[in-house]
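A.B. asks: After the structure tokens below, expect a handful of questions from me.
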Amino acid sequence: MSQLKYLITFSILLRFGFFFFGLYQDEYMPVKYTDIDYLVFNDASKFVYQGLSPYLRETYRYTPILAILLIPDNFGKYWYHFGKLLFMVSDVITGLIILKLLSKQQQLSEKKKMILSSIWLLNPMVITISTRGSAESVLTVMIMLSLYYLLDKDNVILSAIWLGLSIHFKIYPIIYLPSILYYLSSQETPFLASVPGINLVNAKNLKYIIITLTTLAVVNYLMFLKYGWEFIDNSYLYHVTRLDHRHNFSVYNMVLYYKSALLEDSNGFDIEKIAFVPQLLLSAVIIPLIFAKEDLISSLFIQTFVFVAFNKVITSQYFIWFLIFLPHFLSKTKLLTTDKITGISCLLLWIISQATWLYFAYKLEFLGENTFDNGLMYSSVFFFLSNCWCTMKFIQSL
């Protein structure tokens, strides 16, 4: 147990090291460490602190709750980085919950638990994202609390409340609801065992969906009362028709780029409005039906990996969404035991396909070379196909 304490202590110190280096870089280097999103969060929180709407800050496309959480940023000079510290704490708590859920697997040694939890706790990408001021860790801690109360405490009510809050915070965790409901269908006798479809319904999952949707509805209603339609438009509707072609790994990147250049009154095909169809069909329907009953967290990992791969906008922050489930998945998969070559191949292909895209993005952004058609388009397709191949191997490895 002392080794685990050392791991946690070191992970905290590592985050503070990144944080203080970030302060130095912001002060003395031309390329800033702090994420531009943090400046947006901070400005939005300033408006809330003044009793105004966070949506007065242009490009703030998030729930008002995030701006409310960051109100202390405005208490004075030394409070400016309060939000980063909040994200770092959420980051560590996420890691602790990952460790707690791994501890439920009696067959895992302490050493293996440490190694697997280190994938999150000592991951430089995870640490960089939270210490730069990205709010993803607030979302991950909500999702992991939902799983903690469901799988460790068997508390359906608290689990459903946390899931409802996470869906409010960002829409995508709603894809986890079918998996959880399907998982819970195996926990109790269904109401009508002989009726197809209805035979999945029992008291537990019925309670879960009611509490989840009620929590979501109540929080959304409160935010709507305060901020009106601008809350709905910016937090939800904007993301359905979003055209974001910059810093975007997605296979839809080039389509969105050319679409954004068209006149607003053009009659072009609105691919951004239907891109979610194959994405949701795979991540919210097919994968849960195959895996959720057998291994809930592994199902969530594959769902999220596919959801990100098929998303019309992909940035490095989105990788955090499936990394929270990776330690558990690796504890169950053959990719670390009898099929290590495939596991290494997946890792290398995922990294190389990203690096290829980043190379052409660097040439475009910093060297001013036109790499859209010859570089970024092909590297986006390469990244997408690499993710598809990895998904196939993930499924085969369980």
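Counting begins at 1 with the first residue displayed.
Each Cβ is built from the backbone N, Cα and C atoms, and glycine gets one as well.
From Swiss-Prot, here are the annotated features:
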TRANSMEM  4-24  transmembrane segment
TRANSMEM  79-99  transmembrane segment
TRANSMEM  114-136  transmembrane segment
TRANSMEM  156-176  transmembrane segment
TRANSMEM  209-229  transmembrane segment
TRANSMEM  271-291  transmembrane segment
TRANSMEM  305-325  transmembrane segment
TRANSMEM  341-361  transmembrane segment
TRANSMEM  375-395  transmembrane segment
A.B. asks: Look at every Cβ pair spanning the transmembrane segment (4-24) and the transmembrane segment (341-361), keep those 6 or more apart in sequence, and say whether at least 3 of them are under 8 Å.
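C.D. replies: The transmembrane segment (341-361) and the transmembrane segment (4-24): touching, no.
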A.B. asks: Look over the recorded stretches 305-325, 341-361, 375-395 and say which has the most C-beta pairs under 8 A to the transmembrane segment (114-136).
C.D. replies: 305-325
A.B. asks: Between the transmembrane segment (209-229) and the transmembrane segment (305-325), do 3 or more CB pairs sit under 8 angstroms, pairs being 6 or more residues apart?
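C.D. replies: Output no: the transmembrane segment (305-325) is apart from the transmembrane segment (209-229).
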A.B. asks: State the residues, same chain only, that lie 6 or more residues beyond the ends of the transmembrane segment (375-395) and have a CB under 8 A from a CB inside it; answer 'none' if no residue qualifies.
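C.D. replies: For the transmembrane segment (375-395), the far contacts come to 249-251, 253-254, 290, 301-302, 305-306, 308-309, 329, 333, 335, 342, 345-346, 349-350, 352-354, 356-357, 359-361, 363-364.
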